[in-house]
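One structure is given here, and the rest of the page talks about it.
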Amino acid sequence: MKISTTVQEIVDLQTDCLVLGVLEGEKKPEGALSQIDQKLEGQISSLLAEGDFLGKNKETLTLYTFGKLPSKRIMLVGLGKEPTFESVRGAAATAIRIGLNDKVDQLVFCLESYLIDTTQAQEMAHALGEGAALGGYRFKGYAWEEREYHQVDSVVIATSLSDQEAEVSRGAQIAEAFSAGTNLARDLVNTPGNKMTPAQIADAAVAVAQRYGMEYEVLEREDMEKLGMGGLLGVAQGSAQPPKLIAIKYKGAQNWDDVLGFVGKGISFDTGGISLKPGLKMEEMIGDMGGAAAVIGALEALGRLKPSVNVLAVIPSAENMPSGTALKPGDIITTMSGRTVEVLNTDAEGRLVLADGVSYAKKLGADYIVDVATLTGAVLVALGTCTTGVVTNDDDFVDEVLHAAADAGELVWQLPSFKPYKEQIKSRVADLKNTGGRNAGSITGGLFIGAFAEETPWVHLDIAGTSWADKQEELSPQGGTGAMTRTLAVLAMGRSANRTEE
Ligand code: BES
Ligand code: MN
Ligand code: ZN
């Protein structure tokens, strides 16, 4: 979605729908709102005075101007008593959903009506644009009959403060990049397994790399054999779909150093393999490439914003199927790192492909690794659907990632990586076993991947709960959420700001 800015007096703006924020408890219109009120002959004053609009969080009211203003409609959105970036994002999402219903083509947000503190113009423009673009997302689907599918194609952040133009347009630019990345990730997750095979995941990743001139390679089965990627090959061996490993280098700095590695789980569909999953809701396993989607989405955002930082994206991708050639419980495989793994459960396949993904990221020079994966059902039990689980081997690096998530407005929570958990995944007959049993399943699943990161600072993000919404959420419809796309992007952007070029 296009997110642009304009410097103009609010009463002169001509649009389908002008959206103004109203604080809870405001008894008479202030600032921009009072200018509008005058033109509307006191309509807003009387609504506020009579308590017909209270300004409660996400309360909305649409007024038609019937020629009293150049804009066709004025939409009031409640901000609650103390608006935050979070609540403004939510208010913008609410506004756009109403706009979609009313078949509006454009929404204009009047920045001043949301701004408490003028030093926050960039962040507030960012919050408004992002909330609108994320809240307005729809997955197109494949119905033959034409379905109602209206899109708001343009969101404008309007300000009358010309000295803030640069901040406001930077905020809009970041919002546009982050939401484009997130919505791309959502599309990839929502696309079913027969239309988003490993080859098609590779195509989607390569399309982003080519769009922004990033270096890339796609490893085929033979390449994986040469590298000894027994984890990825093992998972793929039961499927008719050949595995792919996609590696993309975003070179934003002069030298290939301080490389931030993003490794995303790209299981195009997870049946569980021979350790077959139950049928109920198995269709949701089209989303088992949510980690890959977040990584691809983050690259889309970085391609647009071009920060001076180096990012390496690695996506090991396969389909996990049961068949006569599939891995079996008890099989022992040898990973690229040389470590052997006893496969006790073929449904614990994510960690097998990620083991090789992490080793390959190290081989290509990753100095820091974040892996993103729909790894365990256990993380849903522990944290539910709103919070991503975090496991790490490095306190400083995890701090940086936790801050990036907070900045991005995504909820994450760190789980412990105490030594006894590592005992749970030691095998009697191999270096590791691929499940540590039911207890602490998200921690042992994470630590399995951490074994392959070795000494490299590493953070694991388990998005099995967050990457798929069972029902509509504040910023996302049902289906793929694009979880962690923005956190990865913020993490990379933050390093760019800190990097002192030689
Ligand atoms: N892809 C699943 C995890 C998952 C569960 C994602 C629910 C999204 C929603 C993963 O491959 C898996 O099957 N994990 C197993 C691991 C177990 C066998 C150790 C699980 O969580 O049951
Ligand atoms: Mn599985
Ligand atoms: Zn899986």
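Cβ coordinates come from backbone N, Cα and C, glycine included.
The Mn(2+) 2 site in TrEMBL is built from Lys265, Asp270, Asp288 plus one of Glu167, Glu176, Glu349, namely Glu349. If you check the recorded positions Lys265, Asp270, Asp288, Asp347, Glu349, Arg351 against Lys277 (active site), the ones with a Cα inside 10 Å of its Cα are Asp270, Asp347.
Among the binding-site residues Lys265, Asp270, Asp288, the residue whose Cα lies closest in space to that of Arg351 (active site) is Lys265.
Long-range contacts of the domain 'Cytosol aminopeptidase' (345-352) within the same chain, counting only residues at least 6 positions beyond its ends with a Cβ under 8 Å from a Cβ of the stretch, are 231-232, 234-235, 238, 265, 267, 270, 272-277, 288, 318, 320, 322, 326-329, 333, 335, 373-375, 434-435, 445, 448-449.
Same-chain neighbours of the Mn(2+) 1 site beyond Asp270, Asp347, Glu349, judged by a C-beta within 8 angstroms of the site's C-beta center, are, in sequence order, Val235, Ile267, Thr271, Gly272, Gly273, Ser275, Lys277, Met285, Asp288, Asn320, Thr346, Ala348, Gly350.
Asp270 (Mn(2+) 2 binding site) sits 8 Å from Asp347 (Mn(2+) 1 binding site), counting Cα to Cα. Neighbour density for Asp270 (Mn(2+) 2 binding site): within 10 A of its CB lie 25 other CB atoms from the protein chains shown.
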